[in-house]
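Student: Quick one: structure below, then a few questions.
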Amino acid sequence: MKNGLSSHEPKPSPPRAGPDNESTGQADQDPEATAATMSHDEQPKQYLSAFKGLGLLDRFLALWIFLAMAIGIILGNFVPETGPALQKGKFVGVSVPIAVGLLVMMYPILCKVRYESLHELFSHREMWKQICFSIFVNWIVAPFLMVISLALAWAFLPDKPELRTGLILVGLGRCIAMVLIWNGLAGGNDEYCAILVAINSILQMILFAPMAVFFIRVISHESGTIDISYSVVATSVAVFLGIPLGAAIITRFVVRKFAGADWYQQTFLKYLAPWSLIGLLYTILVLFASQGRQVVHQIVSVVRVAAPLIVYFVFIFFVTLWISRLLGFRFSMVVTQSFTAASNNFELAIAVAVATFGPNSDQALASTVGPLIEVPVLVGLVYAVRWMANRWGWK
């Protein structure tokens, strides 16, 4: 596994006239090519096969994830004390073990981002084009598709308004954690992904609460009062993005200054890289262990919640992928935009559901089911997009 989670990208084609020229260092260079070059220091990558050349942890990621899920469910069911023990301590509405896993998972990826060079991206029109497209997809297209998802939710959950409310909370949160993992594994652009995550985080603090009220009260016509606290939303986003981002920025500048850029890139990041997937597997295991008993004992409700979620994740992913390809985005940007749109902020959904409706509510159950469904679906999409890149020679 080279330099962390970055997957093997296609070997660049020979330079040619037009907007897809490789980075030359000149003012008129293609900003997407610049970003792609900035994001990966390793040699040009080839799709000889969908996962050839990956390390053991990456290559069998699906196996490790399903093992973590299985072990978690077994622990949650056959060791009844596991769930309550893991849920005892809370940190901004999320259990401490899960919070630790999320922070460990995000830190190594954010350490790879070249913050010292990000200002170069903002000098290009292409950067703003990507930002505008991401905002359009995440805050206009995705909510529209949420209406379709709500129709499915009504079809599967006509008698469960509380579960429908939980589904809305899951769908509205834009991901700020696991998307960095999926983006890296699928060959996306790290710098762009970090920027889009930061922008979505800011918009989330402003828009999540009013949009949740709008969808729950107006679109879904749910009865009763709902008061979603802005402070809960802002705190969750600030903690789960702010802490690892701040730590990564400090680490990058301090270590590079005292140990040198080469040592940081070739040694430090290489040592740090596996911890992202270790953090992911740990988080998944804890999630399933803490909720495994509840999932098994309410399997009918879980299945009914899962159906509209699966449709939503897959549909928004391929709609974004299709539009990105029509607009002529490079492969790395297609991946970044698609996974940014399809991933959801489950930690925020859980925090809001617990704070607003209580830890034992059906809304909290639905928000908990969100990541249990999202993880295997997005693992499948990672494999799918890598297969498509190999099959059709995407670059």
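Cβ coordinates are placed from backbone N, Cα and C, and glycine is handled just like the others.
Bear in mind that TrEMBL entries carry predicted annotations, made automatically and left uncurated.
The model shown is predicted, which means the values in this text are computed figures rather than measured ones.
TrEMBL lists these features:
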REGION    1-41  region 'Disordered'
TRANSMEM  60-79  transmembrane segment
TRANSMEM  91-110  transmembrane segment
TRANSMEM  131-157  transmembrane segment
TRANSMEM  163-185  transmembrane segment
TRANSMEM  192-216  transmembrane segment
TRANSMEM  228-250  transmembrane segment
TRANSMEM  271-289  transmembrane segment
TRANSMEM  309-327  transmembrane segment
TRANSMEM  364-385  transmembrane segment
Student: Counting Cβ pairs under 8 Å to the transmembrane segment (309-327), which of 91-110, 131-157, 163-185, 228-250 comes out on top?
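Tutor: Between the candidates 91-110, 131-157, 163-185, 228-250, the best contact partner of the transmembrane segment (309-327) is 131-157.
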Student: So if I exclude everything within five residues of the ends of the transmembrane segment (91-110), which remaining residues of that chain have a CB under 8 angstroms from its CBs? That is, six or more out.
Tutor: 4-5, 177-178, 180-181, 184, 190, 194, 232, 235-236, 239-241, 243-245, 247-249, 269, 272-273, 275-276, 278-280, 282-283, 286-287, 290, 347, 350-352, 354-355
Student: If we call contact 3 or more Cβ pairs under 8 Å (sequence gap 6 or more), are the transmembrane segment (271-289) and the transmembrane segment (364-385) touching?
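Tutor: Yes, the transmembrane segment (271-289) contacts the transmembrane segment (364-385).
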Student: Top stretch among 60-79, 131-157, 163-185, 192-216 for CB pairs under 8 A with the transmembrane segment (364-385)?
Tutor: 163-185
Student: Taking residues 6+ outside the transmembrane segment (192-216), which of them lie with a CB under 8 Å of any CB in it?
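Tutor: Residues 35, 39, 110, 113, 118, 121, 127, 130-131, 134-135, 138-139, 143, 146, 150, 165, 168-169, 172-176, 179-180, 183-184, 222, 226, 228-230, 233-234, 237-238, 241, 245, 332-333, 336-337, 339-340, 345, 348, 352 contact the transmembrane segment (192-216) from elsewhere in the chain.
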